[in-house]
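K.L.:
Right, I'll just put the structure down here and ask away after.
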């Protein structure tokens, strides 16, 4: 069983989504947004850090997944997004959580089936996959999609590791030597 915290970073609105993975099944635990005021950037980053730390304390996740930075048209926006993302990662690392990163295209591909999906399509698929009665806010839905992507990545990686261990009995411990980096499976040895 894993509890996964997904984060959709933003300097004004940061989405979060928490799911529990038991085998092949995902269970919705919670989601929402951390809104910051129009204060200066350091104050907003402080609020993001405090909010994520509070969420980690409340849900006690085992793993932390976050969206990678994409190239924005406005360089200033990209820098602020990167700072918000860094703040979120520091909050997770300070709570000893492993951090996994996924590109926006990978998240859309995993949840919707196409890397060019619209936000509304992601939101609708999150509702279906987690059997939610109401649509979450867009940023919260994105965060849940990130958590779903990570859960899917874990499941697929463990299947691959099991396959390797079965096909090579002399390396049966391959599963135990599995390491994840940036959401990708790496085998040591």
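Just so you know, glycine gets a Cβ as well, placed from its N, Cα and C.
I grabbed these lines from Swiss-Prot:
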- 8: active site (ACT_SITE)
- 8, 139: Mg(2+) 1 binding site (BINDING)
- 67: active site (ACT_SITE)
- 67: Mg(2+) 2 binding site (BINDING)
- 139: active site (ACT_SITE)
K.L.:
Identify, in sequence order, the residues in the chain of residue 139 (Mg(2+) 1 binding site) that are 6 or more apart from it along the sequence and have a CB within less than 8 Å of its CB; answer 'none' if there are none.
P.N.:
8, 10, 13, 14, 15, 33
K.L.:
When you measure from the Cβ of residue 8 (active site), how many other Cβ atoms are you left with inside 10 Å?
P.N.:
26
K.L.:
Should residue 139 (Mg(2+) 1 binding site) be counted as helix, strand, or coil on the basis of DSSP?
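P.N.:
Helix, per DSSP.
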